[in-house]
Structure formats: structure tokens, C-alpha cells
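What follows is a single structure, written as C-alpha cells, with notes after it.
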Amino acid sequence: MMVLKVEELVTGKKKGNGDAGEFLPEDFRDGEYEAAVTLEKQEDLKTLPVHFVSLGEQQWKTEKQREAELKKKKLEQRSKLENLEDLEIIIQLKKRKKYKKTKVPVVKEPEPEIVTEPVDVPMFLKAALENKLPVIEKFLSDKNNPDVCDEYKRTALHRACLEGHLAIVEKLIEAGAQIEFRDMLESTAIHWASRGGSLDVLKLLLNKGAKISARDKLLSTPLHVAVRTGHYECAEHLIACEADLNAKDREGDTPLHDAVRLNRYKMIRLLITYGADLNVKNCAGKTPMDLVLHWQNGTKAIFDSLKENSYKASRIAAF
């Protein structure tokens, strides 16, 4: 087996017969190996034996050596990892560099819609549902009546309250829309807000003087509606604003009757916590307890727990 000396490996020269560099792989014949060794060992190759090269080869090797020196300088400029703080600094620098490279897409804000054509009543009512404020503004700026309604006497305010479009509700009220306007079922805006579940709209209506005790054709209050539709935050806000917990609708049902019948456990707990009457009877002579069916175990457990706690409290008070 032929043994090569270190000098032969590095310089590409072979002692004895044969051409220089003929034993090296093709990729290493043009000087890459020398540059790689320079970079890896971080030392100069001036101690290597000098061999004759042409002017072109000398320029090429000079360029390679210059590149190697630049790489060496870059390596020397890198932060040395002496402790965890150094590692953390490097990680932060990497993140910052990556962040700079990441191009943030520029999102253009949609241009405001400008309505120039006259707006008719169907377009106006549809815009209240679809939250198209420019259409609403155009209709109102043309001195039209904000309380125009459809065949069921539902106004734009009713529709906007149902969908929770706060800006449109504000604009309609500013234009003089009647908060207590009643539709065919005698529901007012506060009924529609409770049905839609928008707490912000509900708060706005109450701040503008909407009647919290308003009744529709079924004698339902806004609290009845919020409980039936399961809008907990609206129900809680109505209670906080002193809505009648034991108000009866046309069938004599209180909000608690409705909550029990619909298995709304959170509503049941909310109403009882704030003092709803467990023993009030509806027109059929039924209390909320009487409406609890055998399969409604969750509701029964709540009632049993509350009854037990109230019994213990009464015993303690007796002493």
C-alpha cells in the first residue's frame, strides 16, 4: 500500500514519479483543499514547501487565500460561548435577524364606501342587518324617517339590535329612532337586543332610557327573552340593573320557570343566586320545582343542594 506524506497531501506534490496532484480527488485539484485546511486549522500555510506555480495560478490562489482570511475574520468575530448568558444573547440576535428578514405584508385599509344614489326603504332595512353604515348614513342624510318598518313593523333599529351592530344603533338613535317603537308582537329594541345577545347594545339602550320592564304581546320581559335564548351576560346585566326576577308572562311563567323548562343550568343558578322565588306558581299552578322532570338530574341536584343549604341556614338562624 502506498503511504503519502503530510507534505504531499497538503501541497498536492507527490515524491517520485507521477504528475503533481494526480492522486487528489477532482474537487481538490484547484486549491480548495488548501483553503479548507487554512480555515480549519486557523494557521498560515507559509511553512509549506514552496513549489512553482504560474502567474494565473498565483492570482487564483491569492483570491482563495483572501476568501479564507475573510472567513477566518468572521469566525473570530463570532461571540464565544462562555456561559448561558452568551447563548441567550446569540439566540436573541438570531431572532432579531430573522424578524428583520421577515417581510410584514402591508394590509391596505378598505376604502370607505361612498353612496351617491338614493337609498330606498328595503335597502335601508337590509343595510341595518348587514352592518352597512354608509347606506344608513345616506338614507338618514336625505331626511328620511328612521322608524320606517317592514310588514311586521320591524324597524332598522330592531334589526341592528338583533345583530349587535353597535355603530348603526348609535347612528339611528342619534337620528331620532324611537327606542320604544313596537313591532307586530309588541317587542321593543331592548327585547331584540336581549334576543341577539349583544351586551354592548343592551347597555347602550339602557343608558339611553330603554324600559327594562317593557312587555311584549306575550307579556315577556327582556329578562324572559335573555333567559330563553341563553344569553347569560345579558341576563346578568339586566338583573344587575334591577330587572324583576319574578315577573310573570302571559302563562304565569317567571324567568326561572323558563330556565328550568329549557334546562339552562347556568341561568337557574344565576336566578336563584340573585333571589328568584322557587315557590312562585304559574297559571297551571306549577312552581319551577314542579317542572323538573325525573330525567333532569342536573337541575334536580342544583335544587336539592340549594334546598339543603337553605334548610341548614334556617336551623342556624333559629339558634
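From the backbone N, Cα and C atoms, a Cβ is placed for every residue, glycine too.
Taken from Swiss-Prot, the feature coiled coil applies to 61-89.
Taken from Swiss-Prot, the feature repeat 'ANK 1' covers 152-181. The repeat 'ANK 1' (152-181) scores a mean pLDDT of 97 in the predicted structure.
According to Swiss-Prot, the repeat 'ANK 2' annotation covers 185-214.
For 218-247, the entry in Swiss-Prot reads repeat 'ANK 3'. According to DSSP, the secondary structure content of the repeat 'ANK 3' (218-247) in residues is 17 helix, 0 strand, 13 coil.
Residues or ranges marked as repeat 'ANK 4' by Swiss-Prot: 251-280.
Residues or ranges marked as repeat 'ANK 5' in Swiss-Prot: 284-315.
With DSSP classes pooled into helix, strand and coil, the tally for the repeat 'ANK 2' (185-214) is 17 helix, 0 strand, 13 coil.
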